[in-house]
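K.L.:
First the structure, which I've put down as structure tokens, then a few questions once you've had a look.
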Amino acid sequence: MSNSVGAVIVAAGRGTRMGTVESKQYLLLQGKPIIVHTLEVFQRHPLISEIVLVTGKEDVDRCREWVKAYRLDKVVSVVTGGSERQHSVHLGLRHLKTTWVMVHDGVRPFVQINEITACYEHAREIGASVLAVPVKDTIKQVDKDGKVLSTPDRRSLWAIQTPQTFRLSELLVAYESAERDGFLGTDDSSLAERSGIPVAVVEGSYANIKITTPEDLDFAEFTQRSRGEVQT
Ligand SMILES: Nc1ccn([C@@H]2O[C@H](COP(=O)(O)OP(=O)(O)OP(=O)(O)O)[C@@H](O)[C@H]2O)c(=O)n1
Ligand SMILES: C[C@](O)(CO)[C@H](O)COP(=O)(O)O
């Protein structure tokens with residue numbers, strides 16, 4: 001059976017928490033749009049054969065231009081997303097033809113090649129996988145009035161990142177079931193979990209941030225600059 005691996009990179013959000021006029025995935029990092037940095041990691045990975053980029057309707061043309069300009073020839077489709085991340089992923093999945101899929105946020109440009117490989121290997125072994133880091137803070141469950149309800153044992157808590165890796169056919173079933181039931185999850189794994197797919201956690205790095213709020217841009221500039229200096 002083929003073990004081809006594709007990626008769905010979602011970049012159709014508005015970036016409201018960032019608060020910039022330009023959507024955060026198109027802001028420049030060391031002179032290049034954040035989304036291009038992210039695509040370049042998957043383009044470079046030898047396991048990845050196809051990439052589907054999901055973006056806003058008004059951004060499809062400029063994304064296609066960047067795909068050409070930066071020679072991102074693994075990008076097979078640039079498609080329009082939906083109103084929620086989950087809808088954007090679902091729309092992207094329909095354009096992929098590989099056996100495995102890695103779903104990744106367009107605003108996580110610092111994922112590393114070896115992390116992608118580890119995600120794939122764990123998914124092959126267990127069924128599906130998510131990249132994650134152990135939480136560093138103490139987490140409390142709080143009620144709507146701000147009263148602490150409980151303090152879960154930190155040793156069992158992980159902050160979940162992307163990529164998240166699945167068999168494409170199984171993830172499509174999970175997405176269709178979620179749509180039928182009106183279930184909206186905050187990541188892809190939560191849909192797989194409710195479909196009974198076993199998911200492995202793969203320890204990644206704290207640098208694989210999801211660029212979300214303005215202070216993340218300082219970290220992003222610093223990280224991109226230091227990585228560039230290491231490579232040159
Ligand atoms: N309807 C949506 C919403 C989000 N995303 C993508 O999902 C990733 C993670 O989402 P998030 O960081 O929440 O991005 P936004 O929704 O853009 O941010 P915000 O919630 O602050 O508006 C981003 O790459 C974003 O572009 C998407 O493709 N389609
Ligand atoms: C998928 C995700 O990046 C895992 O951390 C995250 O849940 C996306 O959440 P958001 O609300 O769309 O930022």
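Glycine is no exception: its Cβ is also placed from the backbone N, Cα and C atoms.
Annotations per TrEMBL:
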{"type": "SITE", "residues": "Arg17", "note": "site 'Transition state stabilizer'"}
{"type": "SITE", "residues": "Lys24", "note": "site 'Transition state stabilizer'"}
{"type": "SITE", "residues": "Arg154", "note": "site 'Positions MEP for the nucleophilic attack'"}
{"type": "SITE", "residues": "Lys210", "note": "site 'Positions MEP for the nucleophilic attack'"}
K.L.:
Among the recorded sites Arg17, Lys24, Arg154, name every one whose Cβ is found under 6 angstroms from ligand 2, counting any of its atoms.
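P.N.:
By the Cβ criterion, which requires under 6 Å to ligand 2, there are no hits.
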K.L.:
Sequence gap of 6 or more, C-beta under 8 Å: which same-chain residues meet both conditions with respect to Arg17 (site 'Transition state stabilizer')?
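P.N.:
The list for Arg17 (site 'Transition state stabilizer') reads Thr212, Thr213, given in order along the sequence.
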K.L.:
Specify the secondary structure state of Lys210 (site 'Positions MEP for the nucleophilic attack') as given by DSSP, simplified to three classes.
P.N.:
coil
K.L.:
List, in residue order, those recorded sites out of Arg17, Arg154, Lys210 with a Cβ under 6 Å from any atom belonging to ligand 1.
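P.N.:
Cβ under 6 Å from ligand 1: Arg17, Lys210.
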K.L.:
Could you tell me which of these recorded sites, Lys24, Arg154, Lys210, has the greatest number of Cβ atoms within 10 Å of its own Cβ?
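P.N.:
Max Cβ neighbours within 10 Å, all protein chains included: Lys24.
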K.L.:
Given Lys24 (site 'Transition state stabilizer') and Lys210 (site 'Positions MEP for the nucleophilic attack'), what distance in Å do their CA atoms have, once rounded to a whole number?
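P.N.:
Distance between the two Cα atoms comes out at 11 Å.
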K.L.:
Give me the CA-CA distance between Lys210 (site 'Positions MEP for the nucleophilic attack') and Arg154 (site 'Positions MEP for the nucleophilic attack'), in Å, as a whole number.
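P.N.:
Distance between the two Cα atoms comes out at 21 Å.
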